[in-house]
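Here is what TrEMBL records for this protein:
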type: REGION; residues: 1-22; note: region 'Disordered'
type: TRANSMEM; residues: 31-52; note: transmembrane segment
type: TRANSMEM; residues: 64-85; note: transmembrane segment
type: TRANSMEM; residues: 97-118; note: transmembrane segment
type: TRANSMEM; residues: 154-174; note: transmembrane segment
type: TRANSMEM; residues: 180-201; note: transmembrane segment
type: TRANSMEM; residues: 256-278; note: transmembrane segment
type: TRANSMEM; residues: 298-318; note: transmembrane segment
type: TRANSMEM; residues: 354-372; note: transmembrane segment
type: TRANSMEM; residues: 378-397; note: transmembrane segment
type: TRANSMEM; residues: 409-431; note: transmembrane segment
type: TRANSMEM; residues: 437-456; note: transmembrane segment
Amino acid sequence: SIMRNRKTTDSPHSSTDLSEGKEKLRLKQEVGLISGVSLIAGTMIGSGIFMSPEWVLHHMGSPAGSLLIWAACGLLAMFGALSYAELGTIIKESGGEYIYILRIFGSFPAFLFAYTSVILVRPAGLAAVCLSFAEYAVAPFYPGCSSPQIVIKCTAAACILLLTVINCLNVRLVMSIMNIFTAAKLLALLVIVVGGLILLAKGETQSFENAFQNKTAGIGAVGVAFYQGLWSYDGWNNLNYITEELKKPEVTLPRAVMIAIPLVTCLYLLVNVSYLAAMTPSELLSSGAVAVTWGDKVLGSWAWLISLSAVLSTFGSLNGTFFSGGRLCYIAAREGHMPDILSMAHVQRLTPSPALLFTSAMSLIMIISGNFTSIVNFFSFVAWIFYGMTISGLLYLKIKKPELPRSYKVPIIIPIIVLMAAVYLVLAPIIEQPQLEILYIVLFIFSGIILYFPLVRFKCHPCFLQRVTLHLQLFLEVAPTTRDAN
């Protein structure tokens, strides 16, 4: 059948083995601690830190308030990642929230998550970051005027196609690019941090005088400020999507989280301090691209380095997001919630190329369909619904099934705090400023019911899809995969 539940098979950690006369394919375990840290940090540090600070300040109203939001977002990301690390040591399977919801709550809610993420959330998020990458990349060719939309969209589409080729070729190539770009973006942020420290040493502290003046107290405004800040921290859960590809996941997963997220949080805080040292709050709010304005003020003729850094940073983040997004599609298909062709891997390269191609196609459609000025808020709204569900699953396991083997345990207060934050982030914008778009998103999530019952529950599949699957297998040179028993 085109969609089916796959049986777990016991096997060693090699990429292939011979069992019952058949050759079994699985993805290789090639991601170690350094690559794991790079994947988390490299995905988190994208376009957000170059663009979001003005929006956090806009919603909070005061420099001190915005810095508190950045610190709180980092703490929340850390708590969420530590909670996920425990889940990853209990359920040692790739797929992130999807696989945890599936194993704890069952097939239906897991399908709704996969359907929403694969069709809407992941492609829209990729498209939004691609468009910001394209804006930075083409801006130098159109000095003094705005870049044509057709050029921006074509550049964004070319970026998606390049990422597709890279991810389909080799996992080691993806990780090498991730490591290189992460090092480059860390260097760029260090330049901004050092520049800010020099300005502070010279006495540029006017932004920090009466730092709490004009602060916002509205519950909705704080919630939206959190959304904008958390957009810059998005990617804290990326390593959970590739658990089966980690070397010693029970050790690598918690360690990578404990290194990457505090590092990124400290850098983000210092970068924001640097922005405020170089600009007054009003100048920061009027800036179209905060990092570029900072470069013009501090670096002078070397300001182009910041634009280049933004391009490199965004591309590196896209690489990590695309890598994990393809895995979600692949795992959902392997569990019978997506067409079976998406659960297959290339017989030589051992990459889930059909899932990556599908993710690419959906992202291209999103790029063509329009711009994504409000995507951050809606992306975060959907994400925190499922984050909350996943964390509640961890609390269920901690209370009801404490006997399950796990190599790492997080104190129960941490997932409780994350769950409370998730409830707040979902409800606050609805209570304070309800928008019709949120209703559309909720309706889209539940529209998955129309597909779930005929295609997944009752397995009513058109006969011609079998032939299509076989032809695609031959054309793409892919075969079904298996996984280790957990």
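Cβ atoms are placed via backbone N, Cα and C, with glycine included.
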Leading stretch by Cβ pairs under 8 Å, where the reference is the transmembrane segment (378-397) and the options are 64-85, 154-174, 256-278, 298-318: 64-85
Closest-packing stretch to the transmembrane segment (354-372), where packing means Cβ pairs under 8 Å, from 64-85, 154-174, 180-201, 298-318, 409-431: 154-174
Proximity verdict for the transmembrane segment (298-318) and the transmembrane segment (64-85), three or more C-beta pairs under 8 Å: no
